[in-house]
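*Asks:* Right, I'll just put the structure down here and ask away after.
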Amino acid sequence: MDSLLLLGSVSKPCWRLSFSASAKLSTATRGYHVPIRFANSSAWSTQERRYFGQLQGHLINHHITIDAEKSSFYRRADKKGLVNATSEPPFASEPESYNPNNFWRSMQSATDAFYRFSRPHTVIGTALSILSVSLLAIERLSDLSPLFFTGLLEAIVAALFMNIYIVGLNQLFDVEIDKVNKPYLPLASGEYSIGTGILIVAAFAVMSFWLGWFVGSGPLLWALSISFILGTAYSINLPLLRWKRFALVAAMCILVVRAVIVQLAFFLHIQTFVYRRPAILTRPLIFATAFMSFFSVVIALFKDIPDIEGDAIFGIRSFTVRLGQKRVFWICVYLLEMAYGVAVLVGAASPSPWSKLVTVLGHVVLASILWLNAKSVDLTNKTAITSFYMFIWKLFYAEYLLIPLVR
């Protein structure tokens, strides 16, 4: 039946209520609002209002609600005297207003997750190291030209893209380990899915190689390619790979990239590609390569000290797992002190008075700060060890500020 007609029993005014048959008079329609049209042939009287009240009570008993507050009755003064009653649908709610604070919170959350994913201490170290060794190619003040800064920017951006690929790939294959050692990382915490991690890693690898190819610098492409190969072999879990499982091989991977590739390749990028000069090995470059070889070994050893728990569970035979935290900690400290001692001797032999003063004094200060901080570390506290590891990176940054002053 397409419609229901309820006729009032009054003789003079004829009331008609019409509504769709789909809104059946059952408990299913309880609370629903039905569009209604009332029509009569004359203006409402007191008697008609009484009949309307009775009709409304009848409808309520049949589980139909007439919302008097939302109904609009428009009484016409014409002879037809038509009165319309309409109700708003119960599900019609006002659209949620735009809140810019929600957008900025989402942006901040996404930025923070990517910041942690990129391992910012390595990003800063990469950028500073390339800047430092590039300055070693400067021979005169006029070399600080737009050409130099363009070549420097190209090298830094391409290297940072590769850096994010390497640290991201390591997180992809270390999710379970990081749930123990570094639960704040996005993949370990669940903020990033594996698919998201793969997408980010692949994108940054492609962008790095594309930029290197676009620039056309041979030394830059070699640096990116060797970093890609060693970074992949270090982390990826395939037969004969995942070199991080083997302490000596893992340390060699980090040493080759941080100490050799960064110093030589990026120096040659500026020297031969940007300035078009012949390739030479200068005294400051040899010092930087030798000193950073010590420092890279220290970073390779020290990074595993806070991670001993997860590495032991998942079979990563690092030096810390094999020798213990305390022994590896002091090996790292002594290696750095030895490196600072050699740096003082190199500075003292410099023919430049200002270079001699800065390098000798600078390395003495850094060596003293290292020793004082090392003596106060609680080796039973993981937070204290992690904090000291980040302090080692700060010494790493400071060294790259001194290297351009070695002459």
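Including glycine, each Cβ sits where the backbone N, Cα and C put it.
Feature annotation from TrEMBL assigns transmembrane segment to 147-173, 194-214, 220-240, 247-268, 280-302, 328-348, 384-403.
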*Asks:* The transmembrane segment (384-403): which same-chain residues, six or more beyond its ends, come within Cβ distance under 8 Å?
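*Replies:* Distal contacts: 121, 124-125, 128-129, 131-133, 136, 284, 287-288, 291-292, 295, 298-299, 302-303, 305-306, 325, 329, 332, 336, 343, 358-359, 362-363, 366, 369-370, 373-374, 377-378.
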*Asks:* Find the member of 147-173, 194-214, 247-268, 328-348 that has more C-beta pairs under 8 Å to the transmembrane segment (220-240) than any other listed stretch.
*Replies:* 147-173
*Asks:* Please indicate, using numbers and ranges, the residues of the same chain that are 6 or more beyond the transmembrane segment (194-214) and have a C-beta under 8 Å from a C-beta there.
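*Replies:* 114, 117, 154, 157-159, 161-162, 164-165, 168-169, 171-172, 175, 186-187, 220-221, 224, 228.
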*Asks:* State the residues, same chain only, that lie 6 or more residues beyond the ends of the transmembrane segment (328-348) and have a CB under 8 A from a CB inside it; answer 'none' if no residue qualifies.
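*Replies:* For the transmembrane segment (328-348), the nonlocal Cβ contacts are 287, 290-291, 294-295, 297-298, 301-302, 304-305, 319-320, 355-356, 358-360, 362-364, 366-367, 370-371, 374, 377, 379, 385, 392, 395, 402, 406.
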